[in-house]
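Chemist: For 109-145, 168-208, 488-687, 736-754, the entry in Swiss-Prot reads compositional bias 'Basic and acidic residues'. Feature annotation from Swiss-Prot assigns compositional bias 'Polar residues' to 703-712. According to Swiss-Prot, the feature compositional bias 'Low complexity' maps to 756-765. Residues or ranges marked as domain 'Collagen-like 1' by Swiss-Prot: 83-142. Per Swiss-Prot, the feature domain 'Collagen-like 2' maps to 146-205. The domain 'Collagen-like 3' annotation in Swiss-Prot covers 257-376. Annotation comment: Swiss-Prot describes 383-442 as domain 'Collagen-like 4'. The domain 'Collagen-like 5' annotation in Swiss-Prot covers 488-547. Positions annotated as domain 'Collagen-like 6' by Swiss-Prot: 554-613. Feature annotation from Swiss-Prot assigns domain 'Collagen-like 7' to 635-694. Summarising the annotation, Swiss-Prot assigns N-linked glycosylation site to Asn211, Asn442, Asn716. The region 'Disordered' annotation in Swiss-Prot covers 80-226, 257-441, 488-712, 733-768.
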Amino acid sequence: MSRITCPITDCKCKCNKNNCVYCVMGRQGLPGPKGSSGNSIYVGTGVPSPFLGNNGDLYIDSSTGLLYAKVNGVWVPQGSLKGDPGASGSKGEKGDKGSSGEAGLKGEQGTKGEQGDQGEQGDKGDKGDKGDVGAKGDQGDKGDQGDVGAKGDQGDKGDQGDVGAKGDQGDKGDKGDQGDKGDVGDPGVKGDKGDTGDKGDKGDKGDKGQNGSEILFGLGIPSPDLGEDGDVYIDTLTGNVYQKIGGVWVLETNIKGEKGDQGDKGDTGSKGDQGDKGDQGDKGDQGDKGDVGDKGNKGDTGSKGDVGDKGDVGDKGDKGDTGDKGDKGDTGDKGDKGDVGDKGDKGDVGDKGDVGDKGDVGDKGDKGDTGDKGDKGDIGDKGDKGDIGDKGDKGDIGDKGDKGDVGDKGDKGDKGDIGDKGDKGDIGDKGDKGDKGDKGENGSGILFGLGIPSPDLGEDGDIYIDTLTGNVYQKIGGVWVLETSIKGEKGDKGDTGDKGDTGDKGDTGDKGDTGDKGDTGDKGDVGDKGDVGDKGDVGDKGDVGDKGDKGDIGDKGDKGDLGDKGDKGDVGDKGDVGDKGDKGDIGDKGDKGDLGDKGDKGDVGDKGDKGDVGDKGDKGDIGDKGDKGDVGDKGDKGDIGDKGDKGDKGDVGSKGDKGDKGDVGDKGDKGDVGSKGDKGDKGDKGDVGPVGASILFGAGVPSPTTGENGDSYIDNSTGVFYLKINDVWVPQTNIKGDKGDKGDKGDKGDKGDTGDVGLKGDTGTPGSGPIIPYSSGLTPVALAVVAVAGGGIADTGASYDFGVSSPSVTLVGVNLDFTGPVQGLLPNMAWSAPRDTVITSLATAFQVSVAISAVLEPIFLRTQVYRELAANPGVFEPLAGAIVEFDVASSALISVGTVFRGIVTGLSIPVNAGDRLIVFANTRTTSLISVGTVTGFISSGLALA
């Protein structure tokens, strides 16, 4: 055979005289591995969920400023990002004592005369008898019952049975035999060898490495189009920190250091001496009892005086004759409402009025028309259909036709055609896939820990933050290099407030002149309510009044208008039961008794005439259902079918078909499989994943050639933070906390109060405020300790107050929660502030009651003041700053009786009247320790201004 020309352009074939091996392109290589993700920074409120984030990620608690790092699946506290507050300014000096107070005021007005006694209430008239109600008319007769429905019709006769089927026709005769098959054809020619397979595709490009989270900077609120989810944005004007979550910038916290505390307010000047109290004037004679004045506005209830001795009950006077009916008096002023008196005896029941004449019984209504005839009974069920007649007998099968004659043998088939050319050989196997592209480079990681980083930790370019000191390291050439510290500098101590001006001393009040004995005053106008007077002397017991003569019985007076309801007074003593009065003459029947005429309603009985109306009376009972119709006669049995015709004789068998053409010769053998194509070229190396934005450090302004766009740079000498944008280093903010503001100048001392009238001057206000003492009492408190790698703050502790403690109180997030069916049953030891005040300091001591040995790692005792949330009663939040923390177990052996102390001063935390405060103690650790609890007695003192 001739040489075969390779159909592939520029192919380097290895040909021989029989075939050619085509070069095959190798398969496409696998994609390179995805570059490692940069670490993410999360911001939220409270302790992070264990399901949030991956190892190496960061979390900022915006409520406390605590920074956490995820290590081996656990969020470990690293430290606080907020700078320390500046120191408080010095307390201003105490003001000078105020001058003496002004002259005393004129003495108070004399006491108002007592109110006259209230008149007795008249007897209530007898109630008239109620008339009898007339009799009700009789009800009309019920209509007659309807007739029974008619009997249902008889059912229809059943259908006639079907006629039997006709018999089957006889079978057709058999077909003649087929002729013999022709001879098999010759085998076909073997097919050509298949073509060489194509070269495999080029391997895929490796995946791009994933960017790390970016830290962005700007002035003001970030644009929604800025950054990607997980990025952090710092507003350099305010220090606010935002995180992009779900495409939205969410405000999380503020990184600027706290402003220094304001200097203490200067002491208030001493209060001036109060003038001596003037001598009390002689008590004036009691004025004549004044007329009852117009009722004044009801004053506040004064202190209740002693109840005077009860006067003797005077003899009951004879009932006087009823005087002529007086003119109706004006409605008196509404008196104070007396307490409900004891219930009087029940009056005698009045005589029953005469029974009204019974109304005539209405005429009996005419008998109602006969009710409509009952509905016709339902038609009886249709009779059952007659049975289907028996099917006629099947006709006899006709005789089978005679078998046809065997056909002549068919002619021998023609020789089969040459077999088809064998299929082209399969394409050679595709070349091996190209090698996987190189892995993209990882983004830089941010790591956290306690103390100097281990040389084995991290990779070149990674950042490490020591959460104990705030020192920032970068790994360069396998070595951790100290770069800077991110903790803000402590604010300068505020200047001492200027000394308040000395308050003017109040003038000493002149001694009041002894008051002259007052003349009996005219009846005064109703004045404003005065202050509650001193308790009056118990009045002398009154003389028993003379018994009055019995008056004549007068005409019964008209019922007076109902007076305004008096205010409720004190419950009076139960009076003696009066003698039963003589039964009065039966008065004219009260108007209400006329209602007895209503008895005419009995005439309504004529309504029975309604029966005359042709309206259908009560519906007659439904007629009985008609009897079920008789079952129809059974249908006649069907006729027997006719016997089938005898089958026709079978046709003579056809001549056998010509023998089939011989089979096509066997297909030639399949061509050999083409040679395997050459291995494909190695896929191109995947692009290197973008390196996470780098954080660089240096002293001074960064060089334009340093770093790449998106990198950050921290000037160690100033704390200025730069971001490289379009090849230019742009200052963004300063990560060091702002220096605390200078303490405000102390307020000028208040001017001394003017001396009070008459009374001896009070001692000046003490220089310091009250102290609220707290103690866990007679029983020591066992506080739980977090004993895991990295340590942490225990969420279970104890509250305590004035000699009592409640152990096993659990924080909910950062708050104390005394609500709900479980927490609501815990003792709530909060107390309420009775006035506005300010917390100035907190001190705590802890006395060990169970020895602690071989700890050698710090265990910090924490006590903090919590305040109830106004919007959520029963839930208390921690007061920032009102916390004391000290180490109780960092030496080899802590024996029973050892005392540890801590104090925080210079606080200025306002507390409003009505606020509820509670003190809570728990522990904090920084590493794995072997102690599960620390036990002892806790005491604290809270200083208020």
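Yeah, the Cβs are placed from backbone N, Cα and C, and that goes for glycine too.
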Chemist: Residue list, the compositional bias 'Polar residues' (703-712) vs rest of chain: Cβ under 8 Å, 6 or more residues beyond ends.
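Modeler: Sequence-distant neighbours of the compositional bias 'Polar residues' (703-712): 214-215, 693-696, 721-729.
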Chemist: What is the pLDDT of the domain 'Collagen-like 5' (488-547) when averaged and given as a whole number?
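Modeler: When the pLDDT values over the domain 'Collagen-like 5' (488-547) are averaged, the result is 47.
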Chemist: Please list, for the compositional bias 'Polar residues' (703-712), how many residues fall into helix, strand and coil according to DSSP.
Modeler: 0 helix, 1 strand, 9 coil
Chemist: With Cβ-Cβ distance below 8 Å and at least 6 positions apart along the chain, what are the contacts of Asn716 (N-linked glycosylation site)? List them in sequence order.
Modeler: Glu483, Thr484, Phe697, Gly698, Ala699
